[in-house]
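K.L.:
Right, I'll just put the structure down here and ask away after.
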Amino acid sequence: MKFIIKLFPEITIKSQSVRLRFIKILSTSIRNVLKQYDETLAVVRHWDHIEVRAKDENQRPVIADALTRIPGIHHILEVEDRDYTDIHHIFEQTLEAYREQLEGKTFCVRVKRRGKQDFNSQDVERYVGGGLNQHIESARVKLSHPQVTVNLEIENDKLMLVKARREGIGGYPVGTQEDVLSLISGGFDSGVSSYMLMRRGCRVHYCFFNLGGAAHEIGVRQVAHYLWNRFASSHKVRFIAIDFEPVVGEILEKVEDGQMGVVLKRMMVRAASQIAERYGVQALVTGEALGQVSSQTLTNLRLIDNASDTLILRPLISHDKEHIIKVAREIGTEDFAKTMPEYCGVISKSPTVKAIKAKIEEEEGHFDFSILDRVVSEAKNVDIRTIAEQTQEQVTEVETVAEFDADQVILDIRSNDEQEDKPLKLDQVEVKPLPFYKLSTQFGDLDQSKTYLLYCERGVMSRLQALYLLEQGFTNVKVYRP
């Protein structure tokens, strides 16, 4: 079988040296992706296209599908090579190949020609089209919007019958631009922004700020692995996880409520910038869209940018949520995003939409930056190729209850502000406040002869924290969902 790979049009207008470099990188990417299906396949570079030849016919569907997901490819033609002697011979072979497909249909013939022949493309279109019209009584020619387009390619003394055409995702080949680090949360925005930079030729590494224990990290790892495996498996990338709970705890205790959101984002940018510098990455990528939430006003985005000298790319800055979700659906990350947890521990009750630099710097003056340095130094760096095996491990399920016994203790793990706004008052049971960001350090000090039921408003943070405690060896925890 043979595939003709047509280049993304922007590649074809580059200078000769740049064009050749892009084609070489794309050829290598194609070979890296497809070798898992057929190690004997051949990838041949040409000035205006790339040929892929494979021997195993059983792999035709998966190879064709994989090609549609490699950045840099405009479309793919599945072709059958044949010899020809003259223009009439071309017609005879086309009639043989297309007769059944054209019966009762409108059609047109489109020809692309390379090399030296004694006819031009229009000659072939007229001759073959007229012949098909005469020999297939139920078919008729229609040059605009036909039901079937008969595509032929002629190169020197070879005729290529186009059996199928598939659209690619376009863009530049991965690796033609420099590396970036995507701040991924597993939601709609960060997945789409990562995809858009991959499609623009960047090798995208992933940085995840963990606020919810191992269960949340496993979910985000799955999203990152899916994006890499689907659109950029030709290149090795990193997945870096940073335990950010200590940072959140410090912010909740030391920073004024209205400034928390901007300060948290600035801390994330600082941490990600250190990671980027460590691995020689040129820019950060976020899924922020102008005005979507309080921290994403122009004023606040500018202050967030000022936290670091590292370039921050925001490919979704002018996109609305509906369009972002549509793209997530198209690339296959929608289901991941819909099930990704949103935490009950809201970082700020009354966030500012127009932060003042002096005020932010004053609040950050109360922050212990040694905590930020520590979590960055302890960041976990994983080769994304190993994630597939790791995520197959089952996350231990924690028991959820709607009722309690008198000898059990309800742990209200919401933030202090949430507890003040909506106090949890229950009769015949002890209710003990212990914010989620203190659980990892203070749960071990509690009376371990008792069973603790973790409570938060939506039940997501409580479940993830219970999973984390189970992983640490504590078996006396459940989730309370009244």
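Along the chain as shown, the residues are counted starting at 1.
Yeah, the Cβs are placed from backbone N, Cα and C, and that goes for glycine too.
Quick caveat, the model's predicted, so the values are computed rather than measured.
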K.L.:
To which of Lys158, Lys265 does Swiss-Prot also attribute binding of ATP at the site defined by Leu183, Ile184, Gly287, Gln296?
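P.N.:
It is Lys265, as the record lists it for that site.
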K.L.:
Once the DSSP letters are reduced so that anything not helix or strand counts as coil, what is Cys456 (active site, cysteine persulfide intermediate)?
P.N.:
coil
K.L.:
Between Leu183 (ATP binding site) and Cys456 (active site, cysteine persulfide intermediate), what C-alpha distance do you get in Å?
P.N.:
26
K.L.:
According to DSSP, collapsed to three classes, what secondary structure does Ile184 (ATP binding site) have?
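P.N.:
The residue in question, Ile184 (ATP binding site), is coil (DSSP, three-state).
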K.L.:
Would you mind pulling the DSSP three-state label for Lys265 (ATP binding site)?
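P.N.:
The three-state answer is helix.
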K.L.:
Can you tell me how many other Cβ atoms are located within 10 Å of the Cβ belonging to Ile184 (ATP binding site)?
P.N.:
27
K.L.:
In this structure, which of the recorded positions Leu183, Gly287, Gln296, Cys456 has the fewest other Cβ atoms within 10 Å of its Cβ?
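P.N.:
Selected from the recorded positions Leu183, Gly287, Gln296, Cys456 on minimum Cβ neighbours within 10 Å: Gln296.
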K.L.:
Are there any residues in the same chain, six or more apart in sequence, whose C-beta is under 8 angstroms from the C-beta of Lys265 (ATP binding site), and if so which?
P.N.:
Ser295, Asn300, Ile304, Ala307
